[in-house]
């Protein structure tokens, strides 16, 4: 496989380029009989859509999804679901000046050396534009998980550049362009305005959470649930680090505090992030992502061209000054895809397993 498919039973194959006629995905393995309409998918795509605030790319794509197959009379048929999103606002001429050179920090250099050819328009296959089909597929997984288990997925930004964002409430997240869990985002708006004027970009940190995940999802060793979550999240453009639960903070913890005590009332903590031995505990799945600064910026930078000669690169076009601002719905989608895939795998192998004692509560705190 050439790395364009995520999942084993619930498998999502992504296709297209940033400035091609369309992008999309094919979902294989979705169970039959689930109610599904384009509106279910569109609601999630609208959360990720570009051009929604002055702090993201001004490329104005409607991201209208079309269901081409796999749904009949409003229900999934069990056959592959093909989803299409047409590109309508490309400006390929903006990239003519970098067609023969490489943007520092971008995939231009590695794509060219790997394939011997690259599409410079909007980053081609390496563009964050390709996260739209991921969100579309995630919407399908999200609906199935909610109906089957009551799983809820959510994400928020916890850091913008060097500015840490305190957690106030999940209720604030849908009401500001940063997906920030705070009521007042004026400080972050000013920060982004100054960044744009300086012709620069910044990174971000995100928190991603899944609630009501059943006990038992995940496989031992190489297909651990947390391993597959990390694998999926690293497929999100610009992600450079993934933590599960306490993550790297575990280094400074001791066994007496890191291990989540089990009581008849529930778990006393969740340093494990909802996964033990690669298998879900029934607690909240907690994931944290580190996202690097956008590599496409208007500030001049030193680089080389395809002939190995020194050159100066200035990126034109329309770009997100912080990829992390629109990453929350993408991260939720990736987590949904992984969870649905593992839920179907678990059902196939262990669906008949019945425990005499019910699982303990996720938490009694």
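Cβ coordinates are placed from backbone N, Cα and C, and glycine is handled just like the others.
Annotation comment: Swiss-Prot describes 48, 54 as NADP(+) binding site. Sequence-distant contacts (6 or more apart, same chain, Cβ under 8 Å) of residue 54 (NADP(+) binding site) comprise 192, 193. In the three-state DSSP assignment, the secondary structure recorded for residue 54 (NADP(+) binding site) is coil.
Spatially close to residue 127 (FMN binding site) yet at least six residues away along the chain are 17, 18, 237, judged by Cβ distances under 8 angstroms. Here Swiss-Prot flags 125, 126, 127, 237, 238, 277, 292, 293, 294, 295, 296, 318 as FMN binding site, drawing on sequence analysis.
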Rounded to the nearest angstrom, how far is the Cα of residue 48 (NADP(+) binding site) from the Cα of residue 125 (FMN binding site)? 18
Test of understanding: give the count of other CB atoms lying within 10 angstroms of the CB of residue 125 (FMN binding site). 20
